[in-house]
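Per TrEMBL, the features are:
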| type | residues | note |
| --- | --- | --- |
| REGION | 1-41 | region 'Disordered' |
| COMPBIAS | 1-33 | compositional bias 'Acidic residues' |
| REPEAT | 52-94 | repeat 'WD' |
| REPEAT | 95-126 | repeat 'WD' |
| REPEAT | 146-177 | repeat 'WD' |
| REPEAT | 178-219 | repeat 'WD' |
| REPEAT | 266-307 | repeat 'WD' |
| REPEAT | 307-348 | repeat 'WD' |
Amino acid sequence: MDDDDDDNDMDDDDDDNNGGGDDDDHEMLEDADGSAGPQGEVLLEDDSVQGFFAHKEPVFSVDLHPQQQTLVASGGGDDLAYLWRLDTGDIVGQLEKHDDSVVSVKFSNDGSLVASGGMDGKINVYRTDGLQKCATLEGPDEIQWINWHPKGNVLLAGAQDASLWMWSLPTGDFMNVFNGHGAPVTCGRFTNSGKHIVSGSEDGSLIIWDPKTAAIVRQFSSTDERFHQEGVTCLDVSRDDQVVLTGSLDATAKLVHVNGTVLGSLENATESVEAVGLCDALPLAATGSVDGSLSIWDINTMRLRTTLNHDESVTRLLWHDKSPLLTSVSIDCTVRTWDSRTGECVHVWKGHQEGIMDFALSRDGKTVVTASDDGCCLVFSQ
């Protein structure tokens, strides 16, 4: 639990010995020449209600505890992961340092465990209460992402070496390795039932797996001209587990059925599609692109409903639970919440000085926690 704030140039308040700080600290952050941020503004707009500034490098991943919604995990380019409090910004604990950047942090679905995955190929798993380390998972090379089973404490990871790995926790026992992709596994997860695994790769393939046997149940690849012709970047799964939405470097999104059918192609972007999501309240899909566009689609007709816009690349989007609202973040440093029915932007939050890489959304949809290239995590609340 090294708070290390004496050399933290993002929090100059000496009597505040934690990772957080007052909004004024962040708002008045200035370089020695009196400028602040890459554009040289002296005054920054800061809508955040709290912040966490202990990371010394870009923050790549952030997650909210599923039950205790004041507990946040974050991981970044300083090879560190922290647990901290959303309401105060105080550090709860610093997790064991990795040998390379921490690219993914995730609480288990019952909240009892928290894992940090690094580019060093290691995943460290801790009991959330007390932060006792229970396992170090190794096997794959550079970790791309981690994901917990929706019902049990089983952890899945996708790797740079084209493999996926699965372990049982808290013991850390190896369960399966999944081989079938021909390039890094860029995205993946368990389905909502936990009965299948879905993963996408830089080779343009999407594979549905049986977790118990590691057998391939379905495979979509670039050899099918109806599917992606370049790497898959992101995916989402419908609530009933019947449909998968994928985004790709080829500037398209594809909607596929788990029976092997390509249902349609969603094409409204001029550059890579980096974020996708399926609404569970209405038959709508959202796709976000490097070109800044956020497209809303009617998945019954496969028609474009509306195009919303960030000023720069959309990095991540999430639909609110059982709601027509969605929230997106961007390299333009903003967090935006939209009403998909009207296309109205109902909230814009500012505060970051560099692009936002990841965010977590509270269950009620009213609080957003961000992870940014500027080394900060910020909390925005309605």
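Cβ atoms are placed via backbone N, Cα and C, with glycine included.
With a threshold of 8 Å between CB atoms, the same-chain residues lying at least 6 positions outside the repeat 'WD' (266-307) that come near it are 233-239, 243, 245-255, 313-319, 321-324, 326, 328, 330, 332, 338, 340-341, 343. Across the range of the repeat 'WD' (146-177), the DSSP-based residue counts are 0 helix, 20 strand, 12 coil.
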